[in-house]
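Here is what TrEMBL says about this protein:
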TRANSMEM  36-58  transmembrane segment
TRANSMEM  70-90  transmembrane segment
TRANSMEM  102-123  transmembrane segment
TRANSMEM  171-190  transmembrane segment
TRANSMEM  197-217  transmembrane segment
TRANSMEM  229-251  transmembrane segment
TRANSMEM  272-294  transmembrane segment
TRANSMEM  314-338  transmembrane segment
TRANSMEM  366-385  transmembrane segment
TRANSMEM  489-510  transmembrane segment
TRANSMEM  522-542  transmembrane segment
DOMAIN    552-602  domain 'Cationic amino acid transporter C-terminal'
TRANSMEM  579-600  transmembrane segment
Amino acid sequence: MARWLPRSTDLTRFCQKLNRVKTLEDDMMETSFNRCLSTIDLTLLGIGGMVGSGLYVLTGTVAKEIAGPAVIVSFIIAGFASLLAALCYAEFGARVPKTGSAYMFTYVSVGEIWAFLIGWNVLLEYMIGGAAVARAWSGYLDSIFNHKIKNFTETHVGAWQVPFLAHYPDFLAAAILLVATAFISFGAKVSSWLNHVFSAISMGVILFILIMGFVLAQPKNWSTQEGGFAPYGLSGIMAGTATCFYAFVGFDVIAASSEEARNPQRAVPRAIAFSLGLATGAYILVSVVLTLMVPWHTLDPDSALADAFYRRGYAWAGFLVAAGSICAMNTVLLSNLFSLPRIVYAMAEDGLFFQVFSRVHPRTQVPVVGIVVFGLLMALLALVFDLEALVQFLSIGTLLAYTFVAASIIVLRFQQHKEDVPAAGAGGQPSTEPHQGPAAGELKEYESFSDKLHLVDRDKGKEQREPGQLKAAFEPYLEFLSDFYPGEVVTVAVVTLMVSAICLCSILVFGNTHLHLPTWSYSLLLVLFSLGFLLSLLLIWAHEQQHSTQTFQIPLVPLSPALSIILNIYLMLKLSYMTWLRFAVWLLLGLLVYFGYGIWHSKENLREPRAQRVSARYVVFPGGSLEERVQAVQPGCQPAAGLPDSDTDDGKR
């Protein structure tokens with residue numbers, strides 16, 4: 001029986017496969033895509049991805065069913081949490097200007113299986129986002145024609161009474177997705193031009209809504225007679241915040257498009273900042289005017305803004321808003337269909353997904369196969385699924401991606417620079433042995449003695465420590481940590497920080513409701529997990545980090561990413577259990593794909609370690625000064641084999 005059990009070496013090698021990181025090319029600007037997008041193009045892509053059905057549909061849905069007029073606060077909190085995540089995306093997009101977004105960022109810093117799962121969830125995020133927007137687009141167009149399309153479909157096709165499915169098949173939503181898929185396949189320039197046109201119309205309509213809405217505002221709609229400003233309390237505000245994340249998922253289209261940007265180091269951070277700021281302001285102001293125009297409990301969740309103008313006697317304004325909202329939703333459709341095939345392309349190019357999706361059309365320079373296949377899948381989702389179920393499912397995938405990108409920022413910031421990383425061992429993996437200095441008694445190899453002299457001189461004049469090493473000020477107190485390899489302690493601390501955040505948020509969300517903890521145990525657990533979170537944060541901060549003036553870096557690391565992590569986890573736990581159940585099923589399907597295909601076809605798995613050839617090697621025995629004893633070793637000999645120890649060598653000399 002024991003012979004069937006895996007050996008420890010096999011388990012170690014298997015874990016190394018799961019956690020191997022992507023090897024980046026020396027020239028990251030080289031690409032098979034067309035680098036043609038400017039900062040304005042990327043900014044409008046981000047605005048188009050964020051300002052769409054979230055503005056015209058989600059504001060009414062959250063205000064009526066979840067938060068009331070306090071949807072304004074929900075958008076503020078969601079915007080702040082998205083800002084923390086957006087800054088992480090901005091740093092990664094500038095440092096790693098490759099398509100793939102959260103998938104790529106996780107792959108280069110955390111590990112392969114985590115990157116695949118994030119990419120797998122991002123695929124679902126974009127598919128659901130496109131399908132949900134298409135259904136909202138269909139609903140708004142139907143409202144213009146007094147719901148004649150819906151009535152015709154229910155009469156001649158039939159209605160469904162199945163949970164999480166639409167009440168009727170939405171053929172119009174599926175059709176618009178197919179048309180958008182055709183336009184996206186013509187290339188990045190055509191997609192960008194269409195996005196410019198629709199974004200200009202959308203921003204004009206938003207400006208009209210704000211001016212007309214403040215003219216028609218009635219402060220009494222926030223009074224206690226109408227239920228007050230926050231009728232569902234703090235719990236409703238936070239639940240609304242989790243749902244409002246749907247509004248801000250579009251900014252990662254900028255990071256996904258970085259491989260097609262002319263100057264990604266400058267364009268990506270600026271575009272993310274501009275687009276997120278404008279979108280957050282638009283959501284907050286539109287929520288204010290919507291809940292002031294009509295009582296929040298009378299809103300139509302399917303077409304709240306247009307219906308509000310109709311009910312105030314401005315039918316022409318309602319028609320204009322409905323028409324403008326359709327243009328805004330077109331930008332979101334273009335954004336989702338633009339990003340999704342590029343994520344699939346990145347995974348296929350790395351060998352983790354089916355290779356057919358890595359094909360780029362030679363003339364349009366876009367992954368046509370991915371565009372067509374996933375455009376059809378989006379159309380199928382829009383045909384049969386309900387908008388609310390799709391939105392809830394969307395939030396959890398987005399929050400998980402934000403969490404891993406924030407953790408990746410901490411890990412990458414405290415890693416050594418590429419040129420400082422030791423040579424890879426067997427299997428292409430860097431050595432994970434604790435870093436030892438000369439006093440540890442190990443033999444050090446150099447290709448020539450002059451190299452040794454150069455290294456000694458450099459070390460003597462070098463005062464600044466490498467990233468991942470313990471700061472000099474903390475060495476007297478944490479001396480036992482200085483023996484670990486640079487960045488190793490930080491990685492463990494990040495894992496501890498995330499575990500502490502999960503436990504802390506679980507107590508906050510479920511402690512009084514589901515677990516029914518007594519007050520003393522509730523308080524004790526909060527204190528313990530808060531201490532674990534803070535101690536992990538301090539331990540990370542006690543190490544040196546990378547500082548770059550060439551690309552954008554998020555400020556206040558590790559505090560900013562840590563706040564993003566804990567806020568994202570809290571919002572994930574506020575989602576319904578059915579959302580988690582569906583999410584778990586999707587994850588299991590992803591693991592089947594990874595272990596059935598991805599782990600075997602990964603390019604990192606096929607990458608062979610480079611053979612190192614040297615004409616002569618020198619072994620330097622431990623010593624405390626520059627005048628160390630050196631003995632030449634013939635090529636092919638083992639450095640330590642048959643060599644005399646220091647006492648014998650002294651006797652011979």
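The backbone N, Cα and C atoms fix where each Cβ goes, and this holds for glycine too.
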Report summary line: Sequence-distant residues near the transmembrane segment (197-217) by C-beta distance (under 8 Å, 6 or more away from its ends) are 44, 47-48, 51-52, 55, 282, 285-286, 288-290, 292-293, 305, 309, 312, 314, 317, 320-321, 323-325, 327-328, 330-331, 334
Requested in this report: Using a Cβ distance cut-off of under 8 Å, indicate which of 36-58, 102-123, 314-338, 489-510 has the most pairs with the transmembrane segment (171-190).
Outcome: 314-338
Query raised in the report: Quick one: DSSP breakdown of the domain 'Cationic amino acid transporter C-terminal' (552-602) into helix, strand and coil?
Result: 40 helix, 0 strand, 11 coil
Requested in this report: Grab the same-chain neighbours of the transmembrane segment (36-58) for me: Cβ-Cβ under 8 Å, and only residues 6 or more beyond its ends, written as numbers and ranges.
Outcome: 132-133, 136-137, 139-140, 188-189, 192, 195-196, 198-199, 202-203, 206, 243-244, 246-254, 257, 260-263, 266-268, 270-272, 274-276, 278-279, 282-283, 286, 301-306, 321, 325, 328-329, 331-336, 338-339, 387, 391
**Report entry** Distal contacts, the transmembrane segment (70-90) - CB-CB under 8 A, six or more residues away
**Finding:** 59, 62-63, 101-102, 105, 229-232, 236-238, 240-241, 243-245, 247-248, 251-252, 254-255, 268-269, 272-273, 276, 280, 283-284, 287-288, 291, 402, 405-406, 408-409, 552, 554-555, 560-561, 563-564, 567-568, 571
Query raised in the report: How about the transmembrane segment (102-123) and the transmembrane segment (489-510): at least 3 CB pairs under 8 Å, pairs 6 or more apart in sequence, or not?
Result: no
Query raised in the report: By a Cβ-Cβ criterion of under 8 Å, what residues six or more beyond either terminus of the transmembrane segment (272-294) are in contact with it?
Result: 42-47, 49-51, 54-55, 59-60, 63, 68-69, 71-72, 75-76, 79, 82-83, 86-87, 89-90, 93, 206, 209-210, 213-214, 216-219, 221-222, 244, 247-248, 250-251, 254-255, 304-305, 308-309, 311-312
Query raised in the report: In terms of Cβ proximity under 8 Å, which residues at least six beyond the ends of the transmembrane segment (229-251) contact it?
Result: 46-52, 54-55, 58, 61-62, 66-71, 73-75, 77-79, 81-82, 86, 89, 125, 129, 132, 222, 272, 275-276, 279-280, 283, 296, 332, 335, 391-392, 394-395, 398-399, 570-572, 574-575
Query raised in the report: Do any residues of this chain, six or more beyond the ends of the transmembrane segment (314-338), have a C-beta under 8 angstroms from a C-beta of it, and if so which?
Result: 45, 47-53, 55-56, 126-127, 129-130, 133-134, 136-137, 140-141, 143-144, 176-177, 180-181, 183-184, 188, 191, 194-195, 198-199, 201-202, 204-206, 208-209, 212, 216, 250, 253, 256-257, 303, 305-308, 371, 374-375, 378
Query raised in the report: Residues of the same chain, at least six outside the transmembrane segment (489-510), with any C-beta under 8 angstroms of its C-beta?
Result: 403, 407, 410-411, 414, 468, 470, 481, 517, 522, 525-526, 529-530, 532-533, 536-537, 539-540, 543, 562, 565-566, 569-570, 573-574
